[in-house]
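Features as listed in TrEMBL:
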DOMAIN    B:74-186  domain '3-dehydroquinate synthase N-terminal'
BINDING   B:78-83, B:112-116, B:136-137, B:K149, B:K158, B:176-179  NAD(+) binding site
DOMAIN    B:188-332  domain '3-dehydroquinate synthase C-terminal'
BINDING   B:E191, B:H254, B:H271  Zn(2+) binding site
Protein chains: 2
Amino acid sequence: MSQDGDSRVRTLNVELGERRYPIHIGAGLLGEPGRLCPHLAGRQVMIVTNETVAPLYLETLKRGLDADLEVREVVLPDGEATKTLASVERIWDALLAAGFNRRCTLVALGGGVIGDMTGFAAACYQRGVAFIQVPTTLLSQVDSSVGGKTGVNHPRGKNMIGAFWQPRAVLIDTATLRTLPGRELSAGLAEVIKYGLIRDRDFLGWLEAQMPALRGLDDTALGEAIRRSCAIKAEVVAEDETEQGVRALLNLGHTFGHAIEAHQGYGVWLHGEAVGAGMAMAAALSHRLGWLEADDVARVEAVLDAAGLPVAAPAAMDAEAFIVRMRLDKKNLDDRIRLVLLQALGDACLHDATPPAELAAFIDAYPRA
Amino acid sequence: MSQDGDSRVRTLNVELGERRYPIHIGAGLLGEPGRLCPHLAGRQVMIVTNETVAPLYLETLKRGLDADLEVREVVLPDGEATKTLASVERIWDALLAAGFNRRCTLVALGGGVIGDMTGFAAACYQRGVAFIQVPTTLLSQVDSSVGGKTGVNHPRGKNMIGAFWQPRAVLIDTATLRTLPGRELSAGLAEVIKYGLIRDRDFLGWLEAQMPALRGLDDTALGEAIRRSCAIKAEVVAEDETEQGVRALLNLGHTFGHAIEAHQGYGVWLHGEAVGAGMAMAAALSHRLGWLEADDVARVEAVLDAAGLPVAAPAAMDAEAFIVRMRLDKKNLDDRIRLVLLQALGDACLHDATPPAELAAFIDAYPRA
C-alpha cells in the first residue's frame, strides 16, 4: 500500500507485469476532478451504469471528467437477471453508434453485474479496449473489480461466457456504501469473510470483532476491510492470473453457491448470500473430512450469522439439484467435481476426491432453511 | 521450418513465448491418425464446421481422432453473412448442452469464417479454452489461421467484436484445395500477393512467375506459397501480437477492402476480392504520394489480374461511401484515417497524413468496374 499524496486515499497495486494497475480507496473519490483522467486511453469515454446507480452517481462521476472528453453513457436495467449477452450487445451497439475506436475507454459504474458486463464488452470490442472499474457495492469493491474476470451468465450456468481482461484502474469510493441496501452490504461481507477463511486467520479474528462496526457503516472499519480484502485478492491474482492454481481458492463457497443461485433463479438469493451458505457447507464438509474442528465450524457459522448471512441451504434443493449444477463448474477437470475446502481456518485447499454418492449424502444431511 | 520426421510435412512455429504453436503443412494430413491428438487439452472435442465442408471432410477428420475421445460437432450454415454473434451463440449452446468443461478443445474445420467464429467461441467459453485450426481454403490457410485474430461482424462493421486468441496448432492439408471453387482460390491468392508486397520483393517476383502453376493447383507451388506466406505472417505476428505496430501492415488493401465488403453487403464480393481491389487502390495512392513508380503500380495490377482478382472499385461506390466506412477502421487513432501504403514494392508503411478531402478526390478519380 502506498499513500497518494492525500491521506484520505489508500492506493494498492495489482502486480501483473505490463498489465499492473492501481486500486484507489477513499471516501468521496467519485467526483474528484482528474481522478479518472490519467487512466483513460484516449478522448472517447463510455460510462456503463444501471437504472439504480445512474440517478445517484452518474452526474457526480461526469463532473470529475475533463470538459474536452467525448463522454457517452449506457444505462442498463439493474439486477443479476440482466447479466446476459443481450445487455453486452447493447453496450457494443452504443460504442459503434458513437463511432468509438480502439482507443476508447469504458467505465463501469455500479456493482459486480455492471463491472463484469462492461469488462467483457471492453475485452471484445474491436478485440480489446481499455476499461476502468468504479464499483459502488461492497461486493464489487472487494471482489469483482479486482482480478480481471469478466463475463455474462448463460441459461445453463453462471459466468459461462467471458474473458480475463484487466482494468486500467479501480476507483473505490466508500461513501457510495451509504446508499447500499443492508442486504447487499451483508452479501458483500460474505466475500470479505472469505478472504479471512482462505488465507488470513488474523483477519478473520479482526472481522469477528469488527462486525457490528462494519454493519453500522463505520468508515474506518469499512476502509480497512476493503483494503485488506483487495490486498489478499490482488496477491492471489498476481500469483495466478488465469486461475490455473491458487486463484481457484478464491472460489470457497462458490461451487455450492453457484448451484444455489442457478437453481433458485439468478437474483432470488444474492450472490453473497449464496456464497455465505456455500462457505458454511464447505466448512461442514471440511469437518466431515476430519480437517476442521466442530468449534471451527461454529466460528464460521457465527461470523456469517453476525454478518446477516444465511448458513442453511434452500429448503427446496435436494442433493441432486446441487450435484447437477456442480458438475458444470469451471474448476472441474474431466468428470470430477472439484471443491475448495478448508484444511484449517485461514488455509484453503482444492479437493476432488469425495465420491459423488458421498457428496450427495453430505448434502442431503445438511440443514435446510 | 523444420521437418516432421516425414518429408511430406513441413512444420513451422509461431513464436509467442508460452503461446508458441506449430503450423503443419502437407497433402493428406487431415485424416492421419494422431495428427490432432497431441494438441488436445483433454478428452472433450467439439468440431465446428459448415454445411459445405462437413460432407467433404468431417468424417475424414473424425477418423483421425482416437476412439476414446468425446467428440461432438456443430455444423453451421456457410458464408460471410453467417459470421455473427448468433452463430457463436450456437457454438456456446452446443458446448453447454454437452456439459463440456474448460479442458475441452474446439476444432475449426473450414474457411476463415469458421476459424474466426470458432476461435472467438473458444476465447470466451468459460473465459477461454483450447482450439485448433484446420483451415480448408487458401485464404484461411495463409491468413486467418495464423495470428490469433478471432471475431464476428456487426451490422456496423466487420470484425468489430472479437478477441486475440491463439490456437494450439494449425493443420493445413493442401489436398483440401482440390474442392475449392476457383473464385475462392483467387481470393486466397490476394493475401499471398499481399505478403510479397508488404515485406518480400523476391517472393513477389516468384509469385509473378508461378501464378499459372498456382491457379492450376500445382502441389509444389501451392505448398511453397503457403509456407512462405505463413512464415511471413508468423514473423510479423511474433513481433507484434496485439497489433500495436508492424502487424498493422498486414492490413494492406484491407481498409479500402473492408469498406467495399461492408458497402456491398458481406459476401457479395469475397474478402480476398475486396482486398485485391484495395491493394490496387493502395498502390495507386502510393504512386500519387510519389512513393511508387507507375511501373510498380502496373506490376501490382498485373499480378492481381493474373490471379483472377479485380483491380477496379465497385461501380456503385462513391468516395463518401468509402470514407464513411473507413472512419470506423480499427487502425484509426482519434479521428484520422490510417492506411497501409507502399513506400516501395516489398516495403509497406502506415500513413495517416492524407487529408480526407484529398483522399476523397483520389477515390473519386479511381477507376470503377
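Cβ from N, Cα, C; glycine included.
Looking only at other Cβ atoms within 10 Å, the busiest spot among the binding-site residues B:G112, B:G115 turns out to be B:G115. Of all the binding-site residues listed here (B:E191, B:H254, B:H271), B:H271 has the Cα closest to the Cα of B:D78 (NAD(+) binding site). According to DSSP, the secondary structure content of the domain '3-dehydroquinate synthase C-terminal' (B:188-332) in residues is 104 helix, 1 strand, 40 coil.
Under the three-state DSSP scheme, B:T137 (NAD(+) binding site) falls in the coil class. Most Cβ neighbours within 10 Å, among the binding-site residues B:T137, B:T176, B:T179: B:T137 holds that distinction in the structure as shown. The number of other Cβ atoms within 10 Å of the Cβ belonging to B:E191 (Zn(2+) binding site), over all protein chains shown, comes to 27. Mean per-residue pLDDT, taken over the domain '3-dehydroquinate synthase C-terminal' (B:188-332), amounts to 92. A gap of 14 Å separates the Cα atoms of B:G115 (NAD(+) binding site) and B:H271 (Zn(2+) binding site). Apart from the site residues B:E191, B:H254, B:H271, the chain places the Cβ of B:L139, B:D143, B:A190, B:K194, B:G253, B:G257, B:G272, B:A274, B:V275, B:G278 no farther than 8 Å from the centroid of the site's Cβ atoms, the recorded Zn(2+) location. Note on proximity: among B:E191, B:H254, B:H271, the binding-site residues of the record, the Cα nearest B:A81 (NAD(+) binding site) is that of B:H271. Over all protein chains present, the Cβ of B:D78 (NAD(+) binding site) has 18 other Cβ atoms lying within 10 Å. Residue counts for the domain '3-dehydroquinate synthase N-terminal' (B:74-186) under DSSP (helix as H, G, I; strand as E, B; rest coil) come to 47 helix, 35 strand, 31 coil. B:T137 (NAD(+) binding site) is 12 Å away from B:H271 (Zn(2+) binding site) when you measure Cα to Cα.
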